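Single-structure report; data block below.
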Amino acid sequence: MDLLAPLSAVVLTYREVSAEALGKVGQEMKRCIERRARAFPMYVLHTCSRVEAYLYGAPPEEVQEVAEAYRRYVDSVRVITGAEAARHLFRVAAGLDSILIGETDVLGQVEEAFDRQVRAGYTRGLLKTVVERAVRVGKRVRTETAISRGPRGLGSLSIIYVSRLLDLRQAKAAVLGAGAVGSGLAMELASRGVGKLYILNRTFEKAREVAAKTGGEARPLTREEVERCLRECDVVFSSVHSMEYVIDRVPEGASVKIVVDLGVPQTVAPGLPVKVVRIEDLRQVAEQYNAERAAEVAKAEAIVEEELAALPRLLARRYVEETVAALLETAMTAAEEEGARAGCDAAALAAKTTVKRVLLPLVEKMKKMAEDGQMEEAVRLANVLTQAVGRKT
């Protein structure tokens, strides 16, 4: 039984379309996961350079419907299935599919999306295991190779870009957003000795937390405070998730000279009377560092393949564990019902004891089989036992 076969991914990246188009698709996928994830597990990764929807156990027609939702905005959509879908997610988490090879920001974004969607109940079951393993791959790659040495991500590249246009040590800077990208921006600006730093976030406590680490000043992310920063600062970096423009005008007499848009989707309106730096402007800077990191790519790819080879065994073990938990729950409920019918607590206790005595050795045997690589046999036995007690897997 191939437990990777039910995995599908619908993928769109910066290579195929503009950041503006990615933003529109990202909005559609937010609505899509809210509608569909109750029926089957889903995981959506939306960053400034990609929108990817992962589904587990969805019928082919459902996967195609998700792909069609992408095609309302763009034609260049890829559908990947099985082990290839897992490999793609592992490479994304490792930074191997990024504008800047080995960037660390994307790993934080993978984790943020995962945590949020697990809490919402969207990412669960074996899909949860796949994404957890992708995070592990990303951490291993950055620990065991030098692929992330230097700029950490698009935020770092944007700071390098801006530093060629003005002296950051004499500048006032604001960072809108305190997530993975925003907090990274703030930390790097502080390390470069920026003249004055402001951190704005919708959750003010998060802004205060980042400000405390960077010596910056926390402000709430409101329209009034954004305009205040535009009036006071030389450069403003936007890294927020927003379905509307966060910056759509520049106040008269504002000090701002440069606005950097790393938002998801684009959060800075076109046509502003200042220099706006967008992701497309950072590709040339990225190419320089990608050449330096090329020697580490093979090492990172080897880690991806090693973890991918181990994934089927891990999924089999998790599948057995989940099936066994459901099996025991069903059996214990049946024992309680029998005891209740007998009208005797002692009878219920005896029934539960019998269930444990009969099933636990089989449970341990199935787990051991999965751990020893007898994956198909373990899964088959789990299914047989589950069907025997009347629960379909």
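Each residue, glycine too, has its Cβ placed from N, Cα and C.
All protein chains shown were included, and the count of other CB atoms within 10 Å of the CB of Cys48 (active site, nucleophile) stands at 27. Among the features that Swiss-Prot reports, active site, nucleophile is placed at Cys48.
Here Swiss-Prot flags Thr47, Cys48, Ser49, Arg50, Ser98, Glu103, Thr104, Asp105, Gln109 as substrate binding site. DSSP classifies Thr104 (substrate binding site) as coil under the three-state reduction.
Sequence annotations record features per position, and here Swiss-Prot assigns NADP(+) binding site to Gly177, Ala178, Gly179, Ala180, Val181, Gly182 based on sequence analysis. On its own chain, Gly182 (NADP(+) binding site) has Gly155, Val175, Leu176, Ile199, Asn201, Val210, Phe237, Ser239, Val240 as residues at least 6 apart in sequence with a Cβ closer than 8 Å to its own Cβ.
Long-range neighbours of His88 (site 'Important for activity') (same chain, six or more residues apart, CB within less than 8 Å of its CB): Ala9, Val11, Glu52, Ile80, Asp97. The site 'Important for activity' annotation in Swiss-Prot covers His88.
Listed in sequence order, the recorded positions near Gly179 (NADP(+) binding site) (C-alpha within 10 Å of its C-alpha) are Gln109, out of Thr47, Cys48, Ser49, Ser98, Thr104, Gln109.
In this structure, Gly179 (NADP(+) binding site) belongs to neither helix nor strand by DSSP; it is coil. Summary for the binding-site residues Thr47, Ser49, Ser98, Thr104, Gln109: the Cβ-based neighbour count within 10 Å is maximal at Thr47.
In the three-state DSSP scheme, Ser98 (substrate binding site) is classed as coil.
Here the Cα atom of Ser49 (substrate binding site) is found 13 Å from that of Val181 (NADP(+) binding site). Most buried of the binding-site residues Ala178, Ala180, judged by other Cβ atoms within 10 Å, is Ala178.
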